[in-house]
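Colleague: Let me give you the structure first, and then I'll get to my questions.
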């Protein structure tokens, strides 16, 4: 800023008259005059006017001189060394430069921060950080030095008093003292003087600062301890960090700390050795004999002395040398010690800081004390713990002054140590005296305030309750459009209160107070204002549990009467909601940005596809399916009806379709005939294709189309580009209406209709296919409109159909008794064989069970054949609206075999069906399964929720951060086969991914797809047609990004069908995609009503957990460790058969594998085997597979096994989601040899850190470190996260904070969780962009512009 601008008169700055007067009186006429004063002088001269002048001082960087800013000499010296001449330079300096300069002097930096706070200035963050938090470079944690704790403090707490029980005012120097922590009432001191002036003035009488009461939430105090105290975290947590550091056994160290034993510091004339631990008796004897000629200490003092005497550098050298000389067992303990010593040496921590002379006192706002009725107080338990410390500390002080006996003082010191232990972590200190008297449980210590679901991290930082929210029961809103929801007026009037007040102020030109008065009257003006403000203002609806991102979506509110929220029936599958009493929460996005995001990204009509597999998630269900099924039924006139009242019903049917084969000019003529009861919805009629606005071939347009009125009505909702849908086939949907349905002029229509088979009606599956096809061709908005049409048709025609269920619909299977007699005869035969000794009990049981299974299947088949096409129950099942074949078999056939409580099949089946009624014994055996279903549901829902939580935690920092990482590696995929069946096709696996190399036609050599080109559906079809079986694709598993992943390796975002955008939080989406069906799998168990079935969920979820947690599998399979040939399989010794394999390169070398008895062998003699191939049935141990076959094979195995579990339950999840989880399981490496790096052999570090260490060695031409990949379970992977905040908020909070504090760990805030915890924007979506991208070059501002800006502030 040029100097001449400082000669601007203060009168041009539009300041208030009293302020201008004060400036004039102080001799300040121009901006330059401010430079003649220090900040403190300006504050005293201007008093309350200082706050009005402050923005001007900031804009013009005044006072200019650094000496005038009330900074200490130390601060000014550091700033001068950085080349800063004045205040303007300081304001333009980046935060990174300042933090680096003040790294060794945090107290001086605090002073600088106070200055920035006063000026409301935040130094800009360096933009060399490519990714992560916008506002902060990093978050660091370390041990606090005693001086720092005193520096944080605003005063020493010396009294254990809290609040005066008569006046309810805090006691002086007590735990709630106003002098230390700030006033209880805004700008009012302890002697009740009020002063609404500028901050930072103190009452002359009581010494309390006149300031806001909110400072009581941030100001800390301290307690000066009379004796040093060991921090319990470093002593009592396992493994004890102090014991490892000092190389003393934990038990012995505890004895020293709790004053049981002594440690020799200086042996003097005694026979003791330094660091030798001696008992009380030995100490007394030595003291008696040698007096002060030797030094032995006990308690924390002794530990502090030992730590101070520790020479870190020397110890490191000695330990590193002894590493190579010792046995494996000793090496492990040396590495543990070395790790801790290195941590202290490399960080700015000192080991003696683990022993405390002073402890901080939490601000009283965070540990309140509230008076209750009847003179009692409700208080936070931490207050009791502080009181106990103060009591004991004061007592110790008194005893020391009185020179009490050594034993008494020692006992008091031990009690003080225990009191401080209880404050920091009371869970580990299970002493009776630290219990809550009323509830007899340990008091809640500071550690408990952080730990677990109710702790600070998970309860208050990662999830908060929000204002402008409501909750109500949901009911169906069939009249709503796709993007709407019905909000009760009573709720909306409160939810939209701020917007209504603003509207009232605008329309009536009144102030806030008057607007509030009108609002409280709730008259017509207010309701009219509400109608205005809800227009175009989306709201968010959420149903718990929110299993995936579709569990919270945006809607346009439509005001309704009543008290229930109305929900569009098509969105229920996404929320997994039904209308049997479910409740939903509603939230109002307040800012314009939030409203824009809700409308563009979260609106229901924009979220039609499921992120886990790209299939439509808004499929019609129940009544809607049934209505459309009924609408598209096609019936022949000459059909004969067999069941009850056959003759009459056949006659009615023929009369209904008496005009079959009639010709109509257009749909309206057909509708008129229907209204006049000339034809039925299902009657087969002819119509000219020209009358229908859909796609036909030229040849078809010359003929007549055979269809029904129902199908004409259904096709009316399709766009002109679609073919006319006359049958539920893929050909009709994708290509054209089949020519078979067209009648050439001159053909006999009756003959034509006789030969023509009737196509099936449109069921749920086909409706989904139509929606998917529609979505590919049209925009999202068009799709949502079409879905609304399907819904309206469905409800209308299911009402017209009037489909009901009656007893008459359920007819028992006619051949049932004969079949039962046959199977019973066969079972008698099996029993005879067993009695004659031809069968073992297990074989007999297996045969009997198979007989009953087969007979149930036979009855099921026969029953389905006997069902009439117009049977209402059959229609419900066939359409996919409700119920399955199994349900009908139980209703009308036989219930079949049941499971007992252990999950084994009971041999005696339930022969009756529900229609016939069950015997008491049959009913009893049915109850086991039903109960198991209910308990399974409850248990597995929790289990699945926990799995989702772990998955989210392990992947939360995976975000798409760049377009391409230029990886040259690929992942070869092929169709997934399980038990001879294809479970995931090659097309499904490659669609929406990028090719990692050129793919050519095997015969013609023509290029099908180039490297790094997207494989679309048509390209994927070309690859399949070319009979290519294996395709190399770009994969997340081979991504080169240091943090997050790149768009090319991820491919298409399944929720939008477009290439994934930078900033998409793909990690969380992957975790939700795998976790959400996990809950569905568990919940589906009870739908079969406990009927014995092979695919019960119990295999599902535990298996997924076993894979993701890398546990040893139960039925472990044996795998080959080499490439070779099976020489022989020796089964002679039936106890333990063995397989002999010879090596491929050396046929004379044999490897023998001894098998468990009775295992299924999967290989035969002379078979070739490769490393990692299964030799016996069972599950492979992942760690073994990784060791034998390498990373790629292990990754491939996990991917396939997870897919098998989900496909068995008919859930399809895209590979890319599972790949993200696997990517996180392989992110660490085990150091085998450290080379010249500072790494320690035997430790596990992330691949990124390993690469960095080796790159450094390459540059310096030194020896590289060697490591091998390891596989981590998702829980361990989460806990090993680079982010200490993310790991600490997941599990084992104290353990992670202990290690992080010792190492002085830095969290670079790359993940989502850590940014949520510190209250910043998450580095995903719009938050991923660098601040530099939002900055535009500006013209230098003129003085008048700056003055204007100041006035606005």
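Cβ coordinates come from backbone N, Cα and C, glycine included.
According to Swiss-Prot, the record shows the following:
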- 189, 191, 203, 206: Zn(2+) binding site (BINDING)
- 578, 580, 582: Mg(2+) binding site (BINDING)
- 1-117: region 'Unknown' (REGION)
- 118-1353: region 'DNA-directed RNA polymerase subunit beta'' (REGION)
Colleague: Using DSSP reduced to three states, classify residue 203 (Zn(2+) binding site) as helix, strand or coil.
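Modeller: Reduced to three states, the DSSP call for residue 203 (Zn(2+) binding site) is coil.
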Colleague: So among 189, 191, 203, 206, all listed as binding-site residues, which is physically nearest to residue 578 (Mg(2+) binding site)? Use the C-alpha atoms.
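Modeller: Closest by Cα distance to residue 578 (Mg(2+) binding site) among the binding-site residues 189, 191, 203, 206: 189.
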Colleague: Of all the binding-site residues given, namely 189, 191, 203, 206, which is spatially nearest to residue 580 (Mg(2+) binding site) at the Cα level?
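Modeller: For residue 580 (Mg(2+) binding site), the closest Cα among 189, 191, 203, 206 is found at 189.
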Colleague: Only counting partners 6 or more residues apart, tell me which same-chain residues put their Cβ under 8 Å from the Cβ of residue 191 (Zn(2+) binding site).
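Modeller: The answer is 203, 205, 206.
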Colleague: Mind checking how the region 'Unknown' (1-117) divides into helix, strand and coil residues in DSSP?
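Modeller: For the region 'Unknown' (1-117), the helix, strand and coil counts are 83 helix, 2 strand, 32 coil.
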Colleague: Measure from the Cβ of residue 578 (Mg(2+) binding site) and count the other Cβ atoms within 10 Å, all protein chains considered.
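Modeller: A 10 Å sphere around the Cβ of residue 578 (Mg(2+) binding site) contains 13 other Cβ atoms.
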Colleague: Measuring Cα to Cα, tell me the gap between residue 582 (Mg(2+) binding site) and residue 189 (Zn(2+) binding site) in whole angstrom.
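Modeller: Each residue's Cα considered, residue 582 (Mg(2+) binding site) and residue 189 (Zn(2+) binding site) end up 52 Å apart.
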Colleague: If you count Cβ atoms within 10 Å of each one, which of the binding-site residues 189, 203, 206 comes out on top?
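Modeller: Within the set of binding-site residues, the most crowded position is 189.
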Colleague: Which has the fewest other Cβ atoms within 10 Å: 580, 582, the binding-site residues listed?
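Modeller: With the binding-site residues 580, 582, fewest surrounding Cβ atoms within 10 Å: 580.
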Colleague: Other than 578, 580, 582, which residues of the chain come within 8 Å of the Mg(2+) site, judged by Cβ distance to the Cβ centroid of those residues?
Modeller: 474, 577, 579, 581
Colleague: For the recorded Zn(2+) site formed by 189, 191, 203, 206, which further same-chain residues have Cβ atoms within 8 Å of the site's Cβ center?
Modeller: 190, 192, 193, 204, 205, 207, 208
Colleague: Tell me the coarse DSSP state (helix, strand, coil) of residue 191 (Zn(2+) binding site).
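Modeller: Coil, per DSSP.
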Colleague: Summarise the model's confidence over the region 'DNA-directed RNA polymerase subunit beta'' (118-1353) as a mean pLDDT value.
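Modeller: Mean per-residue confidence for the region 'DNA-directed RNA polymerase subunit beta'' (118-1353): 87 out of 100.
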